[in-house]
Amino acid sequence: MTCKMSQLERNIETIINTFHQYSVKLGHPDTLNQGEFKELVRKDLQNFLKKENKNEKVIEHIMEDLDTNADKQLSFEEFIMLMARLTWASHEKMHEGDEGPGHHHKPGLGEGTP
């Protein structure tokens, strides 16, 4: 009998599968080179990184910041730090200006006005 995955578990699988969708294109199949990373950011993070996508140098800087071992590639471990940062930033945006009792959510990153 197969257990049905929760939404969170499916979302984790989606992150892994998306990473591999790009990482297998060139070079080592389990790392993202600069071109693969740029393509992933442009296609799959176009709303979360709207401003950053307009400037190629900014995307390069993001990769350099994530590339902790300076090998010009991103391992999954390095890439997942971007996912963690974006998740945190989106959560913070949802609570921006949220004061007082209760728990309210506004649109996060990639939501709201274009």
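Glycine is no exception: its Cβ is also placed from the backbone N, Cα and C atoms.
It should be emphasised that the depicted structure is a prediction, and the values quoted were computed from it without experimental measurement.
Per Swiss-Prot, the features are:
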type	residues	note
BINDING	ASP67, ASN69, ASP71, GLN73, GLU78	Ca(2+) 2 binding site
COMPBIAS	93-102	compositional bias 'Basic and acidic residues'
DOMAIN	12-47	domain 'EF-hand 1'
DOMAIN	54-89	domain 'EF-hand 2'
MOD_RES	THR2	blocked amino end (Thr)
MOD_RES	CYS3	S-nitrosocysteine
MOD_RES	HIS105	pros-methylhistidine
MOD_RES	THR113	phosphothreonine
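The residues near the Ca(2+) 2 site, meaning same-chain residues not in ASP67, ASN69, ASP71, GLN73, GLU78 whose C-beta sits within 8 angstroms of the mean position of the site's C-beta atoms, are THR31, LEU66, THR68, ALA70, LYS72, LEU74, SER75, in sequence order.
Comparing local CB density within 10 A for the recorded positions THR2, ASN69, the maximum falls on ASN69. When the Cα of CYS3 (S-nitrosocysteine) is compared against those of the binding-site residues ASN69, ASP71, GLN73, GLU78, the shortest separation belongs to GLU78. The Cβ of GLN73 (Ca(2+) 2 binding site) lies under 8 Å from the Cβ of GLY27, HIS28, THR31, LEU32, ASN33, ASP67, each on the same chain and at least six residues away in sequence. Put simply, GLU78 is the one of the binding-site residues ASN69, ASP71, GLU78 whose Cα lies nearest to the Cα of THR2 (blocked amino end (Thr)). The binding-site residues under consideration are ASP67, ASP71, GLU78. Their Cβ neighbour counts within 10 Å are lowest for ASP71. The DSSP secondary structure for GLU78 (Ca(2+) 2 binding site) is helix. The Cβ neighbour count for CYS3 (S-nitrosocysteine), using a 10 Å radius over every protein chain in view, is 6.
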